Each structure stands twice: as structure tokens, then as C-alpha cells.
Amino acid sequence: MNLELFEPDAIGPTRVELGPAATLLRGWALPRVDALLPALDAVLAAAPFRHMETPGGFRMSAALTNCGMLGWTSDRHGYRYTRLDPQTGQPWPAMPAPFLRLAQDAAEAAGFAGFRPDACLVNRYAPGARMSLHQDKNERDFSAPIVSVSLGIAAVFLFGGSRRGDSARRVPLQHGDVVVWGGPDRLRYHGVLPLKDATHPRLGAARVNLTFRQAG
Ligand code: MD3
Ligand code: FE
């Protein structure tokens, strides 16, 4: 018998419970990357990445775009979901079928059957970009989970508690990893540490994160 087959690799197990209702599914999206990347390119052709401004007047270091009925936007007036891309005046591009299937299947695999996302926020991090600790609370209904898909170069995700000052767990996220957050974990503080310099064979010097939400 080849004992190496049973040796955990440097990364660790496939399924990790990060909280009572937060599950990391390592590599879960890998078999679907070939379908996701052309769909992503089609979204970007209609709604290119752009850097938004925070209500405090800072430029976000991650660039973003959206697909689906609703898109998350930020400007000097605040954060909100809109039906139209403020840059083009057009509706956000429709959610591609492979995006929707991935989000629904991953939610179900983590115990959230019936997830119907109407918004997909696409974040792009170049080396050095980060996202400071925050809560996601612009959605109408916190009972639906959030599904996050990491593509490209690795990042360290910060998973905090229900208060900003609570200590945060550091979770390395790699190409193909999927995380599903719901229930009591839905409003936990979270962020992304500044990305290290790296290059990914498929995405170059970038991390792209798809975040699916039921926003409306
Ligand atoms: C944990 N994006 O866009 S997605 C965001 O990697 C955002 O781009 C990060 O946080 C990124 O708002 C993380 C994962 C995520 C999304 C929502 C959460 C994690 C969450 C809500 C509660 C707890
Ligand atoms: Fe967030």
C-alpha cells in the first residue's frame, strides 16, 4: 500500500469548517475553470474593471465590476446596489450560466440549497492590493448565504468576528477555492491582506474573486 496517498499535502484537507456556517471548499471550482474564464471575459468586455471611490474619498485598491441583475457600487455618496452600470449607463451584463450553476451547486454542497444569487461582484487584486476589515450589510436579506470563488494568484483572507476588534483568522485562498458563508457567520468582519507579488499561469499577476449574493 502506498502510504503517501494518505499523507495530507502542505495545503490541508479539502473541506474546512471556518465557522458554524462558513465552509471552505478547497479546489472545488477547478473542474469548472475552463468554463468560467471565457464567461468572465465576456462580462469584462461589457463592463470593464474600474477602481471605485469610497464614501471617505479613498480609491479602492481592488478594481471591480459586476454581473447579474444588481451590481455593487461605491462613490462619495455611499455603497449600494444598482441595476445600471454607472460607467456605461447600461444594465450590468447578465450572470453567465456557468457562474450561476457554480454558485448554486457550491451553496448546496455547503448546506444552502435554493440559493438564487441576483448579484455577482467581481474583484480584481493586483500585487499590493488589499481589502480592509468590513462587514457586508448592503443586502436586503441576511438569511441568504454568500458564495466566494478565488481565481489566480493566492491571497490571505482575514476572517474576524462580529466586532471589528475581534481577532481574525488568516485563511490562505488559492486558485479554485470556494467559500460559502451563511447564517451566524454572514455578518462577520472580513478582509484581504495585501497580495504578494506572483504570477498565475492563467490569470497573470492578478487575483480575481467572484462574490455571489442575493442582494435584492
Ligand atoms: C465573510 N471580498 O467584496 S469575498 C467583498 O476576496 C469582499 O474579494 C473579498 O469581502 C474578496 O465584500 C472576500 C468573501 C466574503 C464575502 C462576504 C462575507 C467573505 C465573507 C461575508 C461575511 C463573512
Ligand atoms: Fe466583503
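Including glycine, each Cβ sits where the backbone N, Cα and C put it.
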Could you look at His175, His190 and say which one TrEMBL places alongside His134, Asp136 in the Fe cation site?
His190
Mind checking which of His134, His190 has the fewest other CB atoms within 10 A of its CB? They're the binding-site residues.
His134
Could you name the residues, excluding His134, Asp136, His190, of the same chain that surround the Fe cation site, i.e. Cβ within 8 Å of the Cβ centre of those residues, in sequence order?
Met131, Leu133, Gln135, Arg188, Tyr189, Gly191
Kindly state the mean pLDDT of the domain 'Fe2OG dioxygenase' (116-216) in the predicted structure.
96
